[in-house]
Amino acid sequence: MKSIKPVLLLILDGFGHRTEGDDNAILHARMPVWSRLREQYAYGTINASENFVGLPSGQFGNSEVGHLNIGAGRIVQQDISRIDCDIEDGRFSSNDTLQQAMSKAQGSALHILGLLSDGGVHSHENHIHALIRAAQAAGVPKIYVHAFLDGRDTPPRSAETYLKRLDAALAECPNARLVSVTGRYWAMDRDKRWERVEPAYRLLVDGEGLFHAETGLDALKAAYERDENDEFVKATGIGAPVKMQDGDALIFMNFRADRARQLTSALTDPAFDGFKARQPKFGYYATLTSYGEAYSALPVAYAPQKIHNGMGEYLSSKGLKQLRIAETEKYPHVTYFFNGGEEQVYPGEDRILVPSPKVATYDLQPEMSAGEVTDKIVAAIQSGQYQAIFCNYANGDMVGHSGVFDAAVKAVEALDGCIERCVDAMLAAGGEVLITADHGNCEQMYDGEHHQPHTQHTTNQVPFLYIGRPAKIRAGGSLRDISPSLLAMMGLEQPAEMTGQSLIDFQ
């Protein structure tokens, strides 16, 4: 095989392109290296949201969707779109797995868990409403809804809207009621902070909340009086306490896996030891989508789509060595999601996980673990082992979600020196670099419509910076074009399954 030019892909998570705004952390940051590289090399912007990545119109992108599209080299129709279509066409209520769960609940109860918002990143309220209606129509006698509040992929204090819409749906379904409310910070942790998950678990399983309210709206009002935004609302029981009983059925309505896994482990894994608690013997426990190989025994309503000849698989088939590296918060994205939602590690694929700092929120340590990630990248480049290195820097997204503007500025400033070290090392090794992002976030830190911090993702385009030979970047691209561009940089033909195209016109 001819000599392959090594490449480095840097994914700056949540680092969107936006030219205006006093609330743009990137514009306010001191990033001389980033500015110089943009001037010196070929720079463009690409699409990372909506139909360009297999999402509905108006829906911003996210890390899972972004890395799926990047790794696949094609538009991947997302689960939210598949489920939306089934609801619209009337097929949702006849889904075999959902039917099984409702059947099992006829003599007991059906528990519906999920993130209640229209954020569209981890879940969508419309799916929860549709399941409530389906269960009512199927004659399920007791339908219990456990709502996780958002405030991260939605404005920090927006849950009133979603709770009111849930109340409207419940009003049409006399067998259903809301029984618990808690913020996603507790119920949807993904960093093994079991001290967060435990109070949410005890509320769900034993009906023992830290607080109690008669309605979801009352619970929210009390939480706001405690100065808790939606994400941080503490475990609150609603109405008469409800316990999960042996034989009950449960459906977890989050379609994104990473923040649903820990709670699912606590509820279903006999070997779970994160904390001591009663574990119900469910008659049926289903998940809306696959939560991964470790949960393969659980029924799934929407099985994953098989992606053949994505970037990782294709490089492996060519006998090339590749490295994936990220800190904890984004490690699943450069591995599991980049590989098309597959747990498999391909031959020749190495992985490095750098622990994220143990802080309550990342505005308290905006540099996160970027320095250590960079150390590992530089060492990997200098080792000469790898033809391709794929890295995610979490800062822009994780600190952007905090809504703290000054911290977001520091977060992206911390990346500037990291970028310089990576680029210098790769150029010295005779390689080339591509810098992009999976979606926007920290380029918009204030929500003018709601007059509060902007903590969610955006639909803005993202950077596409090629550092190597003289070139121009073609306009109109999207995340699906990143892998074909990398293959062009390496001098390799792209597989037929990749429908994206290289955006780099070498001069």
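Cβ atoms here come from the backbone N, Cα and C positions, even for glycine.
For HIS439 (Mn(2+) 2 binding site), the number of other Cβ atoms no farther than 10 Å from its own Cβ, over all displayed protein chains, is 29. Look at Swiss-Prot and you will find ASP13, SER63, ASP438, HIS439 tagged as Mn(2+) 2 binding site.
Secondary structure from DSSP puts SER63 (Mn(2+) 2 binding site) in a helix. Within the same chain, residues at least 6 positions away in sequence whose Cβ sits under 8 Å from that of SER63 (Mn(2+) 2 binding site) are ASP13, LYS330, HIS333, PHE337, ASP397, ASP438, HIS439. Residues annotated as active site, phosphoserine intermediate in Swiss-Prot, with sequence analysis given as evidence: SER63.
In the three-state DSSP scheme, ARG190 (substrate binding site) is classed as coil. Note on ARG190 (substrate binding site): other Cβ atoms within 10 Å of its Cβ, all shown chains, come to 16. Taken from Swiss-Prot, the feature substrate binding site covers HIS122, ARG152, ASP153, ARG184, ARG190, ARG256, ALA257, ASP258, ARG259, LYS330.
Residues near HIS457 (Mn(2+) 1 binding site) in space but far in sequence (CB under 8 A, at least 6 apart, same chain), listed by position: GLY14, SER49, PHE60, GLY61, ASN62, VAL121, ASP153, ASP397, HIS439, GLY440, ASN441. The DSSP secondary structure for HIS457 (Mn(2+) 1 binding site) is coil. The feature Mn(2+) 1 binding site is assigned by Swiss-Prot to ASP397, HIS401, HIS457, with sequence analysis given as support.
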Worksheet item: ASP438 (Mn(2+) 2 binding site) has how many other Cβ neighbours within 10 Å of its own Cβ?
Response: 34
Discussion item. Beyond the listed site residues ASP397, HIS401, HIS457, identify every same-chain residue whose Cβ lies within 8 Å of the center of their Cβ atoms for the Mn(2+) 1 site.
Written reply: ASP13, GLY14, ASN62, SER63, ARG152, ASP153, GLY396, MET398, GLY400, HIS439, ASN441, CYS442, THR455, GLN456
Worksheet item: According to DSSP, does HIS439 (Mn(2+) 2 binding site) fall in a helix, a strand, or coil?
Response: coil
Response to the item:
Within 8 Å of the Cβ centroid of ASP13, SER63, ASP438, HIS439, the other same-chain residues by Cβ around the recorded Mn(2+) 2 site are ILE11, GLY14, ALA48, GLY61, ASN62, GLY66, HIS67, LYS330, HIS333, ASN392, ASP397, ALA437, ASN441, HIS457
Worksheet item: Does anything in the same chain, at least 6 positions from HIS122 (substrate binding site), have a Cβ under 8 Å from its Cβ, and if so what?
Response: LEU115, ASP153, ARG184, MET188, ASN254, PHE255, ARG256, ARG259, ALA260
Worksheet entry | ARG259 (substrate binding site): tally of other CB atoms within 10 A of its CB | 20
Fill in: Residue among binding-site residues ASP153, ASP397 with least C-beta crowding, 10 angstrom cut-off
ASP153
Worksheet item: Where ARG190 (substrate binding site) and HIS401 (Mn(2+) 1 binding site) are concerned, what is their Cα separation in Å, rounded?
Response: 15
